[in-house]
Structure formats: C-alpha cells, structure tokens
Amino acid sequence: MATTSIAWQQTASRVQQFYRLTKPRVVSLIVFTAVIGMFLSVPGVVPLDTLIFATVGIAFVAGAAAAVNCLVEQKIDAVMARTRGRPLPRGTVTSPETFVFLALVGGAGLLILHQLVNPLTMWLTLGTFVGYAIIYTVILKPMTPQNIVIGGASGAMPPVLGWAAVTGEVSADALLLFLIIFAWTPPHFWALALYRKLEYAKVGMPMLPVTHGDKFTRLHVLLYTLILIAVTLMPYATQMSGLIYLAGAIVLDVIFLYYAVKIYLNYSDQLARSAFRYSILYLAGLFAVLLVDHYIRF
C-alpha cells in the first residue's frame with residue numbers, strides 16, 4: 001500500500017513538472033482570448049463541439065510553444081531569479097523528455113484542429129506556433145530590442161484563431177482583436193523588463209531597458225499605452241461594440257494610462273511590477289467587457 005502511494009506521488013509529481021513546462025498561467029490568458037474570439041464571431045451561441053475541440057487544440061499548441069521556449073532558454077532561465085525554478089533548470093525533466101512532450105502535445109493539438117475544427121484554424125495555429133517558438137524565441141529575442149514589438153504578432157493571434165475556428169474565415173473584426181493585443185504587448189512586457197533589467201543584462205538579453213536605458217523605455221511604455229488606448233476605442237468607432245464596451249474600455253484605459261504616466265514621471269520597480277500585473281488584468285477585463293457587450297448591446 002505504501003509502495004503504491006509513493007509511486008502515485010512520484011507519477012503525480014512528474015505530471016506536474018511537464019504541466020509546468022506549458023506555462024499554464026500564460027496559456028490560460030491565450031485560451032481566454034481565443035474563446036472570446038469564438039463568441040464574438042457569431043451573434044448567437046458557439047456550437048459546443050467547436051468550442052471544446054478548438055479550445056483544447058489551441059491550448060495544446062500554445063502549451064507546446066511554451067515548452068519550446070523553456071527548452072531553448074533553459075540556460076538563461078537558470079540564471080534569472082524569476083525563472084530558475086522552472087523544471088529544466090532544476091533538472092526535474094530533461095531536454096529530450098521536453099522535446100518528446102512538446103512534439104506529442106503540439107502534434108495532438110494540430111491534429112484536433114485539423115480533423116475536428118477546420119484546416120484554416122490548424123494552419124493559422126501552426127503559423128502562430130512557428131512565430132512564437134522559432135521566430136520570436138530563437139531569432140528575435142536574443143537579437144533585437146524590438147523583439148517584443150515584432151514578435152508580438154504571434155502573441156496577438158489567439159482571438160483570430162478562435163474566430164476562424166467558428167466561422168472558417170478571418171474578418172476585419174477579428175483583425176481588430178489582433179490589433180488590441182498587438183498594441184498591448186509592448187507596454188506589458190516593457191514594464192516587466194524595467195524591473196528585471198539587471199537580470200536581462202546579466203544574461204545578455206537585449207531588452208529595451210538594457211540597450212536603450214530606462215528613460216527611453218519609460219517613454220515608450222507611455223507612447224505605446226497611448227497607441228493601445230486609441231486601438232481599444234476602435235471597436236466602438238467601427239460599431240463592432242456598443243456603449244457597455246466603451247464605458248468599460250475607458251475605465252480600464254484610464255487606469256493603464258495612470259500607470260504609464262507614473263512610470264514615466266516617477267519610476268520605481270514596485271510601480272513597474274504593479275503596472276505589469278495590472279496589464280494582465282487589463283487585457284482579461286477588456287475581452288470580458290467585449291463579451292458582455294456582444295450579448296447585451298446598448
């Protein structure tokens with residue numbers, strides 16, 4: 001009995017380590033925006049089978065992309081305080097195990113999307129995987145301080161994937177959702193990079209605060225926040241959304257702008273940390289308001 005219990009605990013621990021490779025908190029936001037994209041794509045209810053299979057498929061491929069990131073950056077992760085507890089730096093899983101895991105999970109996700117959703121969603125998701133795992137992680141991130149701006153395109157794709165899963169096409173409204181996340185990505189990550197600047201410098205990662213300094217980065221956090229605010233007003237301007245969304249977006253935008261102005265004028269690491277955390281709530285809140293407005297329109 002005791003032997004069985006120990007074996008079960010060891011198995012559960014191993015499963016947990018592989019689960020951590022998928023960066024579940026990051027993937028949960030990806031899946032959330034993808035699901036919102038599904039609901040926004042139709043006036044009524046999303047077919048249950050499409051909702052389930054698309055969600056699972058997108059989550060699997062996103063998790064595989066996160067595992068690629070962990071695999072490629074394991075030496076960097078071992079140095080940085082924020083990431084040294086991940087499974088690969090700790091040695092709780094090996095590189096070959098990670099590769100097999102991500103291949104199986106990613107392959108399963110693509111198969112689900114192709115066979116049970118539609119080929120367009122599968123190809124768009126594969127393109128997103130390549131954009132994040134290869135173009136961003138392997139090429140852009142260690143090469144240019146504009147990694148977040150250029151690589152942000154892959155991170156902005158989830159609502160487009162959700163939209164395509166339900167409709168089989170990509171519309172202008174879907175691309176507007178893409179633009180929101182694309183504009184959100186730089187101020188979100190640069191807030192993190194500001195208070196983690198020394199760690200990024202230590203591992204030679206050319207994040208904007210490392211290459212161009214704090215003041216330049218703080219200015220760009222503010223500028224990109226203003227761009228983000230302009231983009232978030234577009235769903236109302238194009239009549240994609242109504243007054244509920246407009247009111248919610250304005251409230252969320254004002255708070256984000258407050259953080260951006262404070263970061264520019266009176267910077268502290270704690271302020272940047274708070275701004276980074278708020279930016280996650282901001283994006284989730286913005287898409288939640290989009291969903292509410294979609295079904296309750298004024």
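Glycine is no exception: its Cβ is also placed from the backbone N, Cα and C atoms.
Annotation comment: Swiss-Prot describes 26-46 (among others) as transmembrane segment.
The feature transmembrane segment is assigned by Swiss-Prot to 52-72 (among others), with sequence analysis given as support.
If you look up Swiss-Prot, you'll see 99-119 (among others) marked as transmembrane segment, on the strength of sequence analysis.
Annotation comment: Swiss-Prot describes 120-140 (among others) as transmembrane segment, evidence class sequence analysis.
Here the transmembrane segment (148-168) has long-range neighbours at 30-31, 33-38, 40-42, 46-47, 50, 54, 58, 62, 113, 117-118, 120-121, 124-125, 127-128, 131-132, 135-136, 140-141, 174-175, 177-182, 185-186, 189-190, 207-208, 287, meaning same-chain residues at least 6 beyond its ends whose C-beta is under 8 angstroms from one of its own. According to Swiss-Prot, the feature transmembrane segment maps to 148-168 (among others), an assignment based on sequence analysis.
Annotation source Swiss-Prot lists transmembrane segment at 174-194 (among others). Outside the transmembrane segment (174-194), and at least 6 residues removed from its termini, the chain residues within Cβ reach (under 8 Å) are 33, 36-37, 40-41, 148-149, 152-153, 155-160, 163-164, 200, 207-210, 214, 217-218, 220-221, 224-225, 227-228, 231-232, 234-235, 238, 240, 256, 259-260, 263, 267, 269, 272-273, 275-276, 279-280, 282-283, 286, 290.
Annotation comment: Swiss-Prot describes 219-239 (among others) as transmembrane segment.
Residues annotated as transmembrane segment in Swiss-Prot, with sequence analysis given as evidence: 241-261 (among others).
Sequence annotations record features per position, and here Swiss-Prot assigns transmembrane segment to 276-296 (among others) based on sequence analysis. Long-range contacts of the transmembrane segment (276-296) within its own chain (CB-CB distance under 8 A, at least 6 residues past either end) are made by residues 29, 32-33, 36, 39-40, 159, 177, 180-181, 184, 187-188, 191-192, 195, 232, 235, 241-245, 248-249, 252, 255-256, 259.
Within the chain, the transmembrane segment (219-239) has long-range Cβ neighbours (under 8 A, six or more residues past its boundaries) at 172-173, 176, 179-180, 183-184, 186-187, 190-191, 194, 208, 245-246, 249, 252-253, 256-257, 259-261, 263-264, 275, 286, 290. Long-range contacts of the transmembrane segment (99-119) within the same chain, counting only residues at least 6 positions beyond its ends with a Cβ under 8 Å from a Cβ of the stretch, are 18, 21-22, 49-50, 53-54, 56-65, 67-68, 71, 93, 125-126, 129, 164-165, 168.
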